[in-house]
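Here is the structure we will look at, set down as structure tokens.
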Amino acid sequence: MAAPVLRSLGSLLCLWALRLPGPSAGPGAAARGLDVASYRERVRAMFYHAYEHYLESAFPYDELRPLTCDGQDTWGSFSLTLIDALDTLLILGNVSEFQRVVGVLQEGVDFDIDVNASVFETNIRVVGGLLSAHMLSKKAGVEVEVGWPCSGPLLRMAEEAARKLLPAFQTPTGMPYGTVNLLHGVNPGETPVTCTAGIGTFIVEFATLSHLTGDPVFEDVARKALKALWKNRSDIGLVGNHIDVITAKWVAQDAGIGAGVDSYFEYLVKGAILLQDEELMSMFLEYNKAIKNYTKFDDWYLWVQMYKGTVSMPVFQSLEAYWPGLQSLIGDVDNAMRTFLNYYTVWKQFGGLPEFYNIPQGYTVDKREGYPLRPELIESAMYLYRATRDPTLLELGRDAVESIEKISKVDCGFATIKDLRDHRLDNRMESFFLAETIKYLYLLFDPDNFIHNDGSDFDVVITPYGECVLNAGGYIFNTEAHPIDPAALHCCRKRKEEQWEVEDLMREFYSLKKPKKFTLKRASTHGEGKDAKDPEDASSEKSGEKRNSKKSSHSLLSCPSQSFNSKLAVLGQVFLDNT
């Protein structure tokens with residue numbers, strides 16, 4: 001059966017911390033009197049307070065303006081909050097609304113518009129949101145078309161949106177412009193200066209799109225951009241903040257893990273896990289050495305000059321709070337907890353994380369005192385709680401619920417906090433509040449959510465290319481918290497048909513040469529054909545054995561062979577072989 005296989009170490013290569021089962025809240029939480037179920041329901045109520053007011057007051061605009069109870073377009077006129085909130089609806093269990101919104105998006109969203117859109121934001125929010133909803137559609141009870149997950153209306157929408165972004169990658173370096181006009185391509189006067197994150201945050205969505213559609217162009221351009229950044233790192237192994245995508249000259253030479261750089265590092269790790277990619281993981285591990293050597297001071301991370309390693313800004317940025325969660329994915333849990341606790345002290349000081357925090361002075365930075373309800377510290381708490389069950393992480397979740405409700409809740413939703421010192425509000429509720437902040441809070445307090453699946457439940461679907469197992473867990477969140485099912489990437493490999501034809505010819509050839517009976521083991525529908533055995537080795541296998549969807553579906557659940565030697569072990573940690 002499939003469940004024992006999924007729990008084995010060998011098949012856990014691509015299934016990370018969220019897969020691991022454990023106690024519902026941990027004994028420490030009960031001892032401290034934290035009612036996890038109560039907070040989960042409060043988070044649910046927060047979602048609907050924001051979501052319903054968006055529908056009533058702001059749809060079809062991108063975002064809700066909660067102080068004036070109206071809407072505005074911000075990132076391209078996509079009804080962005082609706083796209084961003086779609087998979088959160090399913091995580092909260094609302095399948096009927098998920099189904100309704102899928103229909104609304106199919107009818108109302110148009111990408112053939114004369115709008116200048118952020119390449120980065122459109123990818124992580126729109127392409128990522130549509131891809132995630134596409135892969136979750138069957139679980140949500142949506143009637144999917146024949147060939148799903150290799151086809152479907154949401155997949156076609158994601159592909160259309162991504163194709164609108166491709167002109168941005170047509171540069172001498174392969175690094176994309178930051179902005180593209182969805183109708184006309186890159187404007188002639190567009191600045192060639194793009195931030196590092198805006199270049200290196202495509203591999204998760206674009207590789208997923210390539211695997212599902214069979215068109216390699218998306219993964220190819222994402223990889224080329226990643227390699228260009230790697231090629232242009234400094235002699236001490238650091239990358240700067242902004243680079244000219246035409247000349248590859250660094251315009252902003254501050255190196256750190258925060259704003260302008262953050263999700264580049266995140267996608268090297270998540271791309272490596274998603275694609276079983278040695279090169280991406282090697283890149284990150286080299287960067288990680290340089291980051292520790294030059295930017296880490298007493299479990300804080302500062303900004304330094306990328307060529308010299310000298311401190312340029314002794315500040316902590318709220319966007320850096322994703323780092324402990326990322327550390328947990330590579331098994332560095334002890335360091336992750338120490339850094340998390342530093343960041344948590346800042347939250348306790350203000351009831352939120354200011355955009356910039358001066359570490360030596362222990363206070364906010366001028367004109368960077370706001371908190372736009374960002375998710376990063378809550379994200380790290382969710383990851384680390386899955387790995388450690390430390391009740392301190394639940395306390396952060398409690399503090400987040402209490403402070404967000406107390407400070408930013410208004411009649412029409414939740415407002416950005418303009419200044420954490422006096423709790424003044426700003427008239428904006430970004431779409432990531434429903435996509436990320438609420439989602440990570442809910443998952444922190446909902447240990448039995450399907451996202452945390454340990455592999456004991458799964459679906460077997462039939463595609464044009466064979467059987468496929470989906471919804472078995474191991475979801476990988478893009479940087480907008482849209483979950484991607486890694487198994488889906490192995491459902492739509494057209495090359496398998498050609499490979500099977502070759503195997504059939506080989507079988508016929510060897511049967512003529514040798515009287516000995518044998519069968520060549522057909523490669524799993526998740527693999528690339530590396531499992532085909534030499535006839536001499538295959539002779540011991542039972543001839544004519546056929547796969548059955550339920551009895552032998554465990555073989556489909558195994559991750560394809562992974563060339564870089566990593567193993568997932570207990571507590572959600574990835575241990576490299578050299579540790």
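Here, residue 1 is simply the first one shown, and the rest follow in order.
Even glycines carry a Cβ here, placed using N, Cα and C.
A sphere of 10 angstroms centred on the C-beta of GLU121 (active site, proton donor) encloses 21 other C-beta atoms. The active site, proton donor annotation in TrEMBL covers GLU121 (among others).
What TrEMBL records for ASP262 (among others) is active site. Spatially close to ASP262 (active site) yet at least six residues away along the chain are ALA197, LEU319, GLU320, TYR322, judged by Cβ distances under 8 angstroms.
With a cut-off of 8 Å between CB atoms and residues at least 6 apart in sequence, the same chain places GLN317, SER318, LEU319, VAL365, ARG368, GLU369, GLY370, TYR371, PRO372 near GLU355 (active site, proton donor), listed in sequence order. Annotated active site, proton donor per TrEMBL: GLU355 (among others), in sequence order.
The active site annotation in TrEMBL covers GLU376 (among others). GLU376 (active site) has a Cβ environment of 24 other Cβ atoms inside 10 Å.
The number of other Cβ atoms within 10 Å of the Cβ belonging to THR479 (Ca(2+) binding site), over all protein chains shown, comes to 25. Taken from TrEMBL, the feature Ca(2+) binding site covers THR479.
According to TrEMBL, the compositional bias 'Basic and acidic residues' annotation covers 525-547.
Taken from TrEMBL, the feature signal peptide applies to 1-25.
In this structure, the CA atom of GLU376 (active site) is 16 Å away from the CA atom of GLU121 (active site, proton donor).
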